[in-house]
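The structure under discussion appears below in the form of structure tokens.
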Amino acid sequence: MESTPFILFFLPLVFVVNVISLVSASDAAPQIEINVWPKPTSVSWSGPAAFAVPLSPSFRVLNPYSEHPYLRAAAARYTRLLLLERYRPLRPPHLNLSSSTPPLSSLVLSVVDASAPLLHGVDESYTLSITANGSSSVAELSAATPWGAMRGLETLSQLAWGNPPAVPAGISIEDRPLFPHRGLLLDTSRNFYPVRDILRTIRAMSHNKLNVFHWHITDSQSFPLLLPSAPQLALRGSYGPDMRYTPADVRRVLRYAMNRGVRVIPEIDAPGHTASWAEAYPEIVTCANKFWSPPDGPALAAEPATGQLNPLKPETYEVVRDVLRGVASLFPDPFLHAGADEVNPACWEQDPAIRRFLAGGGTHDQLLGMFVNTTRPFIVSALNRTVVYWEDVLLGSTVKVASPGLLPPETTVLQTWNNGPNNTKRLTAAGYRVIVSSSDFYYLDCGFGGWVGNDSRYDRQTGDEPGRPFNYAGGDGGSWCAPFKSWQRVYDYDITHGLSAAEAALVLGGEVALWSEQADGAVMDGRLWPRAAAMAEALWSGNRDGDGRKRYAEATDRLHEWRQRMVRRGIAAEPIQPLWCVMHPSMCNQVQ
């Protein structure tokens, strides 16, 4: 019996099965490719020929764990999906529907540890089998935890197709993820996203077996999180009363995410990226509300708006502690992201006290170290959280902590975004656990041009200024991280490239990121999907076949199909090719 890796497509509420080949010899197992996205670790078939069995109209999940609220909700949700989705594949499967075998009436669910909490590293493995003979049809799903059971239920949903629905018989799946952290970052500060858009994103994540929603909830542009411990930040720093997240909104998001096996990690970025704090607390923010790129001096921020917390002010830490305490009370996850990226020296130098500190021999690195050394122990000890920082806190080109000893690896996770595998190597070699979000591969906002106004470089009709490509000859068109990251670029990234085995073991996983200078709920689905699905498969079962070769070529048609199903499921994923291509396999490849 030979195992065939599984493949999951991100499609709207249904599953697809595509036959690659069918072996009819009496003693040979069939070789069938099924469209499950992300592709399962191992798929095997029994018997001399494969066939499908109908799903009974009274199909149900036999769940003996009704006291587990999230698993109970998942069982009910997937039962509805299996019966109602009725997805019609772009290329119908070649499995014959058995007319002599009873319909599949139930799925028997078993979980080893029903009390396992949804935390980093929770076991998401499962096995799924569907067997049928002339007298019965039986489906069994066994999982280590409820969260693994949810992954198996998703796989089963994608195995169903047709009207009325049917599922393949004689199939056995053993599945588990390569990486425990498979995430998506959404920036809700630069543009506001209603809760319904966040919920739709989390739903799409669960269909793709992504398990971490990194909520970059505040930034310089706005502070939309209404914290009872520091309400003025949102009352004054949000875009308006209808563009805030209340504690009830947060609870709704958390409950929805838990129902789908998705952790929610909040990020409160500081001391940089805090211009919005100045609306409520102007006394603790330096260079607030200044033009971001003055003509007579260095830029005061990477982009508008300007403002950074002042590490020399005792009042700064009073406010920060109130904020962090409020965030920890709302978000129970043991990880709390504290930002610390892109600290701008020129912004700090706008403050007279900081200028005196620097004139007396102090450094910008010491200022950041002062902030980290005051806030980090509060996060770790008082709030009992593992703190996540952006890599800048250690690798920043202009400002970083002067002593790595301020960041003990035992309670610190670092998230990379610059220099691809090189910075991952530097951090893991230093003993840090790492989340990979390389802008070269995983930034989904790249390639849409610039967004700052009054830029005369766009007004070039025949060519750019000599030696400064912008609109022509390989210019980036104003997007600092251009070009656009295609799904193939996302899919092909090996996040442990160049690492030793010990270093690779420190890579927790990765996150795609949608920064929202030019995105909101109106365009979010297309920006995220199916490119986030490409990362989902690479981090779940890898991007290589059994021989170690990249499998992006064979993944194309599968992703086509999965995108169609996502759309049917209400996720407005963008197309990756003309439909003609999936109807004519390999004809749209660069090399046949």
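Any Cβ shown, glycine's included, is placed from N, Cα and C.
TrEMBL: automatically predicted annotations, no manual curation.
Residues or ranges marked as signal peptide by TrEMBL: 1-25.
On the 0 to 100 pLDDT scale, the model's mean across the domain 'Beta-hexosaminidase eukaryotic type N-terminal' (36-159) is 94. Marked as domain 'Beta-hexosaminidase eukaryotic type N-terminal' by TrEMBL: 36-159.
According to TrEMBL, the feature domain 'Glycoside hydrolase family 20 catalytic' maps to 179-542.
Annotated active site, proton donor per TrEMBL: Glu342, in sequence order. Taking all protein chains in view, 19 other C-beta atoms sit within 10 angstroms of the C-beta of Glu342 (active site, proton donor).
Taking H, G and I as helix, E and B as strand and the rest as coil, DSSP gives the domain 'Beta-hexosaminidase eukaryotic type N-terminal' (36-159) the counts 30 helix, 40 strand, 54 coil.
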